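Colleague: Look at TrEMBL and you will find 22-96 tagged as domain 'Cation-transporting P-type ATPase N-terminal'. Annotated transmembrane segment per TrEMBL: 80-99, 105-124, 265-289, 301-328, 704-729, 735-752, 772-797, 824-842, 863-882, 902-924, in sequence order.
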Amino acid sequence: MQENLNKNTTSLADRIDKYSKKWHALSNERILKILESNQITGLSSKEAQKRLDEFGTNCLPKPKKPNLVKIFFKSFLDPLSIMMAIAGLVSLIIGLINQLEAPDIAGLVIICVIILTNSFIATIQEYKALNQKEAIKNNSVQAIVLRDSKQIKISIEEIVPGDIIYTKSGDYVPADCRIIENQMLKVDESALTGENEAVDKVDEILDENQLVLGDQKNIAFMSTLVIEGKMKGVVFNTGRESEIGKIATKISETKKKKTPLEKKVAKLTLIIGIISIILGTIIFTIAYLNNSKINESVYQLLLVAVSSAISIIPESLTIIVKICLMIATKKMATKNVMIKKPKSIETLGNINVICSDKTGTLTQNKMFVDSLYFNNKVFNSKDLDLTEDPLVRCMALCNDAIINKKGEKIGNATDLALVSLLVEQKINYLTMRRKYKRVDEVPFDSKRKVMSTVNLIDSENGQYVAYTKGAMDYLLPNCKHIVDGKDVRPINDDDIANIKDQLLRFAKKGMRTLGFAKKDLEKIDLEQDYQYEDKLVFMGLVGIIDPPREEVKHSVQEAHDSGVRVIMITGDHKVTAFEIASRLGIADETYNDVITGAEIETLSREDLKNKLNQTNVFARVNPEHKALIVDLLQDQNNIVAMTGDGVNDSPSLVKADVGIAMGITGTEVSKKVSDVILTDDNFKSIISGINSGRNVYEKIKYSISFLIAANISQVLTILLVLGIFGQLALNSVNILFHIFVVETIVAIPIGMQSERNGVMLNPPPTHKKESLFKGILVQIILTTFFNTFFAVLNFAIAEIYMNNFNVSLSAEQLKNFATGYAKAGAYICIMFSPIFYAILFNNKFMPILNSNKKVVVDKYKPNKWLIILITFSIIITALTMLPFEGLNVFFDFKTYNLPAGLAAIFVINTLLVPLFIFITNWSFTKILARQKK
Ligand code: ATP
């Protein structure tokens, strides 16, 4: 193949097109030539910009925007709207047969208005929720590329064909690329090929011409996940031209699953739905039997029965839950908690154990070297004068971090602490890295907790040195020699005792310790496997300070106050871990022990469970131990949140009830499997998340108690009046108007109350299966009782008053007026009481929700939306009661010529409902508070 690669004759795009499907069969040099790139310098920023303009951003095709009209029509499909529509249709048919009258028309209009309003609100909520999901997805990811000879971090969207990229374990591959340097790369390609087994990659040419994607082992595909190792690659396809881009449009969005709370609410609605049918039937039967007295058409009786049935179902709960979850998701985002799965909001509210990483989450991850130990002496980093010696070489060469000219820090915090020290000491680590080329390496992994590199120190004599740095627990037993001044001699027991002693001194100050060792190698054959990490020469030790985050101590206290236990799980040394844990209040008199990874390996499950009751600190653990710890805690009925950042943290993140990944330092894998991402990596944000989660749960409970009480009161009033007076207290228009005002207007803002901090002074709402009614049953019963009682009382007073004290009317007129006024009495109470007592459904006035726990009342913050919508409801309901004969006909009661005395009694009784609810709740709270003492 002798193609003409002349820039003038073929464009880059044409060439990329021409070689598509052949990248695996070309040599690195050839690919670089085709793509006009260079693996030492990368692209120039100017060329990269040009290519970005030509090829577009490296984004996958976005899923279609949700269509408002489609969502609107879909919202009619919920069972309640269908029931209402059927009710409307039946009414219309029967009405037409019986020749419609004004009230019937009003009934139909109101049914239509309610269905439309419900669908309208549902549409807006659904649309908002979908758009929010998009915003989360667009959260940009960064990648390291080589541009103008420098490694820089850019947003993956800016990657172009020809870019040289670096990818390491835990990253997503940012674009389709040919691997030019491979370090034990293992990639999970399941997103692309469906193959679950991770694929070992290579960097050599593959001969076969036609290979399926799964067999193209020298190519890393966009959006696949690096599980192990690292690579350098040259990008040939980006965005929609990549393999995943080509199929992305075909991948359908996974259907949104209901959260447990939504499921609980759906179940509750269904149960109430069944009850409603039974009650509707009872109402119809009694009304039909009493029809000689009621004197209504069968059609009107049927409508009353159907609308009563509908009115019991708290259909707006579904919307309220959605709104609550949406508000909480938004609120949490402002507090650095990104919710990936809505169900985790509720679970966050329920957790009672947080297992947290140390580094970065509890500490600042701003590491600096404080002290060094070598040649049996301790030095403070400020009093040092380092020159290039084997120890310094180890720090510089066995290290992947860079601080670039702009001062940008690339790499992990531990490596960066060493690089910073070298920069302060005016040692040019980059020149050293160029001079002593790295020929092999064994990357850091969280099991060994060390990393090693092999560098060519003397090219003339072929002298290689392996440098190892990392945890002393692993390093020291492998050291057979020690550097002593300029000499190297066998290590003895005194040396080991001194080193261990020094290690403990550093650790007791809360410092992270890191040892350095080397191994001289004669000429080596890189094709063969060597053991670099044995028979080492010990060179020295550093103590690195990573200060605890200042705010965390307070957050740990807050967690404890709210009944949440905090456990630290770290890869760091046991003494360092315990010191930091003690400073933060995680370890205390009760939890005064540390369990190490090594102990976990030897202890039985039962012993470990017992030990778990005395310790909040796990040190030197491997990621696999984390999953076991979660398992044991869950066995003890705890609801556990676990933080994680590494690739190997995935099992524990999945196992935990809430898996929390770190937004800044976390690997893409950990972010993918987690439920929640902390955008600031800060422990404090977890506490904010718990707060929001608990608030959601509480607000839903208030909404449920309000809705059920208001709805049942209405139906009970109808039933009681039917039973006692053989009359219909409310007609279908009244009932439907009640649904419209109480359910659609007043109930929703109850779920929109502002968050309160007091929820954090109670223990968590215990169990996963806890009933939604726990703690609110008393309120429901009280509210229902008062509301029903006064509505029936109003009815009774009007009947008795008119029949016994008003003698100026004819018997026929009397009957007519009495029932009309009585109905007005029932209506005013059924409509206005809930509008008023809606104000009481919050923690300030109803703290008995937590009756078995500490009663905490927060400062009352007026709920703006509730006040606006209550005012609106008062106005529209008052309008329905205006004393005009024509209007009265629509609503089937009489306010026209209503005696002032009766009107006053109606109003007083209506206001007594919220007053009594308030007084009884207040008394309960006092009694409970006294009992606690
Ligand atoms: P966590 O974040 O879970 O609290 P950690 O970050 O402290 O844990 P690791 O990063 O696994 O845990 O570090 C554990 C030990 O590994 C450290 O105490 C240190 O001795 C060693 N170590 C950490 N980073 C490096 C590194 N870049 N090179 C060599 N050794 C390292």
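Numbering starts at 1 and runs along the chain as it is shown here.
Note that Cβ sites are derived from N, Cα and C of the backbone, with glycine treated the same way.
For the listed features, I'd like the structural context: burial, neighbours, distances.
Modeller: Predicted-model confidence for the domain 'Cation-transporting P-type ATPase N-terminal' (22-96) is 80, expressed as mean pLDDT.
Only residues 6 or more beyond the boundaries of the transmembrane segment (704-729), in the same chain, are considered here, and those with a CB under 8 A from a CB of the stretch are 265, 268, 272, 279, 282-283, 286-287, 290, 293-294, 296, 301, 304, 308, 311-314, 316-317, 735, 738, 742-743, 747, 750, 772-773, 776, 779-780, 783-784, 787-788, 791-792, 795-796, 799, 819, 822-823, 826-827, 829-830, 833-834, 837-838, 841, 846.
Residues of the same chain lying 6 or more positions beyond the ends of the transmembrane segment (772-797) and with a Cβ under 8 Å from any Cβ of it are 264-265, 268, 700-702, 704-706, 708-710, 712-713, 716-717, 720-721, 724-725, 727, 729, 765, 822-823, 825-826, 828-830, 833-834, 837, 846, 848-852, 902, 905-906, 909-910, 912-913, 916-917, 920-921, 924.
Within its own chain, the transmembrane segment (824-842) is flanked in space by residues 702-703, 705-706, 709-710, 713-714, 717, 721, 729-730, 734, 737-738, 741-742, 746-747, 749-750, 753, 783, 786-787, 790-792, 794-795, 797-798, 860, 863, 866, 870, 873-874, 877, 881, 891, 893-895, 898, 902, 905-907, 909-911, 913-914, 917-918, 921, which lie at least six positions past its ends and keep a Cβ under 8 Å from the stretch.
For the transmembrane segment (863-882), same-chain residues at least 6 beyond its ends with a Cβ under 8 Å from one of its own Cβ atoms are 737, 741, 745-746, 748-750, 752-754, 824, 827-828, 831-832, 835-836, 838-839, 842, 890-891, 895.
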Colleague: Which sequence positions outside the transmembrane segment (265-289), separated from its termini by at least 6 residues, show Cβ-Cβ distances below 8 Å to it?
Modeller: 79-80, 258, 296, 298, 301-302, 304-306, 308-315, 317-318, 321, 700, 704, 708, 715, 718-719, 722-723, 728, 772
